[in-house]
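Contents: one structure, followed by commentary.
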Amino acid sequence: MGNGEESYWLWPGLVLILLPSTLAADKESSLLQDWHDVWLFRFFLNVLGYATIIIPGYFLIGYFKRINYLETGRGICYPVIKACVFGSESKTGLLDDVSIAPRNDADSGSSARQAFKLVFCAAGLQTSYLTWGVLQERVMTRSYGASTPEEEGERFKDSQFLVFMNRILALTVSGLWCLLFKQPRHGAPMYKYSFASLSNVLSSWCQYEALKYISFPTQVLAKASKVIPVMLMGKIVSHKSYEYWEYLTAALISLGVSMFLLTSTTGKHPSTVTTFSGVVILVGYIVFDSFTSNWQDNLFKCKMSSVQMMFGVNLFSCLFTVGSLLEQGAFFDSLAFMTRHSEFAFHAVLLSVCSACGQLFIFYTIAQFGAAIFTIIMTLRQAIAILLSCFLYGHAVTMVGGFGMAVVFLALFLRVYARIRMKAGRRAPQPQVQKV
C-alpha cells in the first residue's frame, strides 16, 4: 500500500515536469509546419538539398582534374569518370541522322504528306501541352478526397515531387530513344549538363509553385513575355546582338502584360502579399528558364543531339530532386499521398506522360519544319490554354486585360514574321551569285 500511495502521489509531479517539454515540442513542430508553408523557406530547403550534391561533385571534379586522371586513371570506373568529368576529345562528330534526314525528307515530300506531318505535329503539341496545363492547374489549385462539395479535402503541396515525376519519365523515354536510334559521338563532359539541369529544376518548381498564388492565365502571359529576359540573358551569357524589331516587339509584350496584370483581378487571390509572392516566383521562373535556354545553346556547340541533351539534363534533374526529397523526408510523404488519392496518382502520371511526349514532339517539329513553325504552334497553344483555363476554372478577364493579351500575342506573331522575312532576305542573294 505504501508503494502504491507513493507512486500515486508521484504521477502529478511527473505530469508537471513532462508537460512543459511536451508543449514545447508541439509548439516547435507547429512552428516548423508554419515555416514550411512559406514558399521562400521551401525554396531554400530545396537549394540546400541540391547543394549537398553539387558541392561534393565540385570538389571531386576539381580533384580528378588536378591529378590528371585522364592520363593516370585505370580500372572499371575510368570510362564513367572520363565521360562525366572530361568528355570525349572528339568534338567534330556530326549530328544524328534523326535530326537531319527528316528535314531533307520534308523538303522533298509531297504537299499532302507535308500537310499531314504539320497537322500531326500541331495536334501532338497542342494535345500534350494543353492537357499538361489543365492538369497542372488541377493538381496545384484543387483538393483531393472530398466526397461532397462541402468537404475541404486534402491538397497536394510539394511542387518538387511533381518536377521529379516529370523528369524521371522524360529520362526513361530519352534513354530508350538513345539506345534504339543512332546518336552522334558524345563530346561534352556530363557534369556540364548539371548547370542547365539545376536552373531547369528551379524554373519548373517556380512554375508549379506560382499557381498557389496567381491564376493560370496570368502565369501563361508572364511566360509568353519571357523573350525580354531571354534577350537580356543572351547579351550577358552569350554576348548576342539583336535587331530593332526584336526590341520593338519586346516593348509591345511589356505593354500588353502590364495592361493585363494591372486590370485583371481574381476573387480567389485578393491579397496584395499573395499576389506579390506569385509575381516574385514568376520572375524566378523567367530568370532560371532564360539561363537554361542560353546555357543549352552554348552546350550544343559540342555537337550533340537534342535527345542526348534531354537525357543529360533529366539525369541530373532526377539526381537533384530525389536527393532533396529524401533529405527533407518529403519523398515518402508524397508517395503516401498518391496511395491515399488514386485520382492524384493518375493526374501525376498523366502530367509526366504529357511532359515527356511534349518534349519529343518539340524535337520532331523543329527537325521537320524549323523553329519558326514551332514557335507559331506554341504561341497558339498559349492563347488556347488561357481560353481553356478561363472556361474550365472560371477566371475573369476584363476588356482591357483581354486587349493586353491580344497585344502580347500580336507581338509574338510579329517576331516570328520578322524572323522569317529576315532569313528569306539572307537566302535571296544566293541564286544571283550562282547565275553570275
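For all residues, glycine too, the Cβ spot is worked out from N, Cα and C.
Residues or ranges marked as signal peptide in TrEMBL: 1-24.
TrEMBL lists 40-64 (among others) with the feature transmembrane segment.
Residues or ranges marked as transmembrane segment in TrEMBL: 244-263 (among others). Long-range contacts of the transmembrane segment (244-263) within the same chain, counting only residues at least 6 positions beyond its ends with a Cβ under 8 Å from a Cβ of the stretch, are 218, 221-222, 224-225, 227-228, 231, 397-398, 400-401, 403-408, 410-412, 414-415, 418.
What TrEMBL lists as transmembrane segment is 269-288 (among others).
Here TrEMBL flags 309-332 (among others) as transmembrane segment.
Residues or ranges marked as transmembrane segment in TrEMBL: 344-364 (among others).
Here the transmembrane segment (371-394) has long-range neighbours at 118, 121-122, 125-126, 129-130, 133-134, 137, 141, 215-217, 220-221, 223-224, 362, 365, 405, 409, 412-413, 415-416, 419-420, 423, meaning same-chain residues at least 6 beyond its ends whose C-beta is under 8 angstroms from one of its own. Look at TrEMBL and you will find 371-394 (among others) tagged as transmembrane segment.
Annotation source TrEMBL lists transmembrane segment at 400-418 (among others).
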Residues from the same chain, set at least six apart from the ends of the transmembrane segment (40-64), whose C-beta lies under 8 A from its own: 73, 81, 85-86, 160, 191, 194, 198, 201-202, 205, 209, 319-320, 323-325, 327-328
Contact set, same chain, for the transmembrane segment (309-332): CB under 8 Å, 6 or more residues outside the stretch: 45-46, 48-50, 52-53, 158, 160-161, 163-164, 167-168, 170-171, 174-175, 177-178, 188, 190, 193-194, 196-198, 200-201, 296, 299-300, 359, 363
